[in-house]
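Everything on this sheet refers to the single structure shown next.
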Amino acid sequence: MLDERNIPKHVAIIMDGNGRWAQKNNTTRLAGHNAGMRAMKEIVKSSSAWGVEHLTVYAFSTENWKRSVEEVSGIFKLIVIYVDKELKELHKNNVKVNILGDYSKLPKESVERLEKALGTTKNNTGLQFNIALNYGSRDEITKAVRLISEKVKNGEFTPEQITEEMIGQHLYTGGLFHNIPDPDLIIRTSGERRLSNYLLWQSAYSEFAFPDVLWPDFSPAEYMKIMEEYQSRDRRFGGR
Ligand code: IPE
Ligand code: IPE
Ligand code: MG
């Protein structure tokens with residue numbers, strides 16, 4: 001049972017293990033990504049139902065371009081399929097879609113669908129479903145440094161006036177873009193225990209969970225177990 005007063009406001013997920021799931025099930029990597037999409041659909045629903053305010057999923061990293069052209073273009077095609085199939089339902093459930101990352105580098109068809117999803121859901125007030133696409137923390141921080149440098153150059157403020165808050169504001173999650181609070185809980189499936197360039201700045205005081213389950217097998221029941229365990233943790237933020 002979840003304690004309604006202690007639901008994490010922001011859950012961030014590294015959806016990892018699609019390829020290994022495919023291998024285990026004797027199918028293609030793309031079929032693995034497709035199965036991952038089905039899992040994601042359920043986790044969006046659970047997050048909404050439990051009152052999580054922000055769900056951020058890592059869908060494609062700035063490093064994932066290193067994969068084969070077939071795999072990369074297959075993943076982008078799945079985005080088109082996902083929006084075509086799910087947008088109506090997301091909108092009906094009052095979910096607002098946001099994108100973190102420079103998605104303009106994706107194929108035209110994917111960009112169009114994503115913009116359709118952003119436009120359709122822009123006034124929704126339920127779960128904020130943030131999709132990290134062509135996202136990398138170092139890229140995000142580099143862009144923030146550039147934006148801030150420009151402002152210093154223009155005389156808007158001096159270097160001494162730069163604060164942690166200001167840096168946060170200039171990240172994709174920041175007030176200048178989406179105003180997403182730091183993640184309370186970061187989940188990475190598939191047993192890997194690393195961040196792979198995800199939310200490095202924002203995760204300073206996040207709690208972590210590393211379930212062994214491969215992403216396509218990650219079910220609402222697994223998610224519930226992690227949420228319950230999260231609720232038993234003592235977060236101190238450097239205090240005593
Ligand atoms: C995560 O699954 C999905 C993406 C990175 C797009 P992987 O494709 O990384 O799966 P594994 O790690 O090879 O099993
Ligand atoms: C991180 O997973 C990126 C996504 C889940 C989208 P990877 O599978 O790309 O990360 P590494 O290469 O194992 O660190
Ligand atoms: Mg992986």
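The backbone N, Cα and C atoms fix where each Cβ goes, and this holds for glycine too.
From a predicted model like this one, the values you see are computed outputs, not experimental measurements.
Copied over from TrEMBL:
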BINDING   D16, E207  Mg(2+) binding site
ACT_SITE  D16  active site
BINDING   17-21, R29, H33, 61-63, W65, R67, R188, 194-196  substrate binding site
ACT_SITE  N64  active site, proton acceptor
Recorded positions near ligand 3 among W21, H33, N64, R188, L195, E207 (Cβ under 6 Å): none
Other CB atoms within 10 A, centred on W21 (substrate binding site): 25
Distance-selected binding-site residues near ligand 1 (C-beta under 6 Å), from D16, G17, G19, T62, W65, L195: D16, G17, G19
E207 (Mg(2+) binding site) versus W21 (substrate binding site) - Cα distance in angstrom: 26
Helix, strand or coil at T62 (substrate binding site) [DSSP, three-state]: coil
In sequence order, those binding-site residues of D16, G19, W21, R188, L195 whose CB lies under 6 Å from ligand 2: D16
Residues near N64 (active site, proton acceptor) in space but at least six apart in sequence (CB under 8 A): V72, I75
E207 (Mg(2+) binding site) and G19 (substrate binding site), distance between Cα atoms, whole Å: 26
Cβ neighbours of G19 (substrate binding site) where a neighbour is any other Cβ within 10 Å: 19
Between R188 (substrate binding site) and D16 (Mg(2+) binding site), the C-alpha gap once rounded to whole angstrom: 7
Neighbourhood of G17 (substrate binding site), C-beta criterion under 8 angstroms, separation at least six: T189, S190, G191, V213, L214, W215, P216, D217
Pairwise Cα distance for D16 (Mg(2+) binding site)/L195 (substrate binding site) [Å, integer]: 11
Which same-chain residues, if any, lie at least 6 apart from L195 (substrate binding site) yet have Cβ under 8 Å of it: I14, S137, I186, R188, S203
All-chain count of other Cβ atoms within 10 Å of H33 (substrate binding site): 22
